[in-house]
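Here is what TrEMBL records for this protein:
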type	residues	note
COMPBIAS	31-40	compositional bias 'Polar residues'
COMPBIAS	102-114	compositional bias 'Basic and acidic residues'
COMPBIAS	115-124	compositional bias 'Basic residues'
COMPBIAS	164-176	compositional bias 'Polar residues'
COMPBIAS	177-190	compositional bias 'Basic residues'
COMPBIAS	211-220	compositional bias 'Polar residues'
COMPBIAS	234-257	compositional bias 'Basic residues'
REGION	28-47	region 'Disordered'
REGION	87-127	region 'Disordered'
REGION	156-257	region 'Disordered'
Amino acid sequence: QDGLKQCLAEFRQQLTWVERLDVTLGPVTDPVSQSASTSDAVDPENDFQREMSFYRQAQAAVLEALPRLRKLQVPTRRPDDYFAEMAKSDQQMQKIRQKLKSKQEAMERSEKAKQLRAMRKYGKKVQVEVLQRRQKEKKNMLNAVKKYQKGLSDKLDFLEEEQTPSQGNKKGNASQRTKKGPNAKRRYKNQKFGFGGKKKGSKWNTKESFNDISSFQSKVAHNKGTGKGGRGGKGGKKALNKRPGKRARQKMKNRAR
């Protein structure tokens with residue numbers, strides 16, 4: 001004991017308390033039992049009691065030291081602009097970020113794979129349902145045909161049901177073709193050489209051309225002459241576009257040979 005006291009006297013420094021900040025107290029008063037916990041009441045084999053004793057003792061030291069620090073005008077709270085070096089280096093934190101990023105990407109890939117599998121299952125389910133519906137429709141149609149052949153039924157509704165979707169598809173295709181218009185090659189040629197206009201049906205009559213008779217000449221249309229002989233008389237002029245007879249045409253052919 002004398003040796004310990006001698007060693008303690010050798011390394012003890014006579015400094016002020018603000019430099020040492022040493023506080024030695026017993027545990028703080030328990031608010032439940034309103035009594036101070038003593039070391040004799042703590043069972044050293046009980047981990048909970050032992051840790052609670054340490055906690056109470058530290059709490060008592062804080063309650064004793066904070067007022068003394070405030071009295072000495074020593075700040076006890078960290079300022080907002082306080083900067084301290086991190087416990088881990090930037091390289092170590094970068095490795096941790098890369099690891100977290102790779103883990104997140106792996107989770108995203110796994111989630112996408114799950115979604116694809118679910119979509120494939122749903123697609124297969126829809127395909128099976130469509131095939132089953134078609135088989136059912138085909139079976140119903142065959143049964144209806146058999147009944148009609150045997151004379152058990154005189155209805156032909158199943159034929160109309162079969163033709164309706166095909167006609168709808170044809171109409172849809174026709175409307176699509178109408179809306180589609182000319183292809184790129186045709187558009188290029190129209191742009192380069194010009195578009196001559198509509199050819200088919202260009203000579204058809206319209207309502208306006210049918211009602212317009214301003215250019216009609218009855219004398220020319222009916223081969224009426226102006227002479228004394230009247231129609232077909234000797235004094236009348238022969239029609240300019242009268243076709244020659246059969247013998248005359250034959251003679252003309254012989255001359256050409």
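Cβ coordinates are placed from backbone N, Cα and C, and glycine is handled just like the others.
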Structural state census, the compositional bias 'Basic residues' (115-124) (DSSP three-state): 10 helix, 0 strand, 0 coil
Secondary structure content of the compositional bias 'Polar residues' (211-220), with strand meaning DSSP E or B: 4 helix, 0 strand, 6 coil
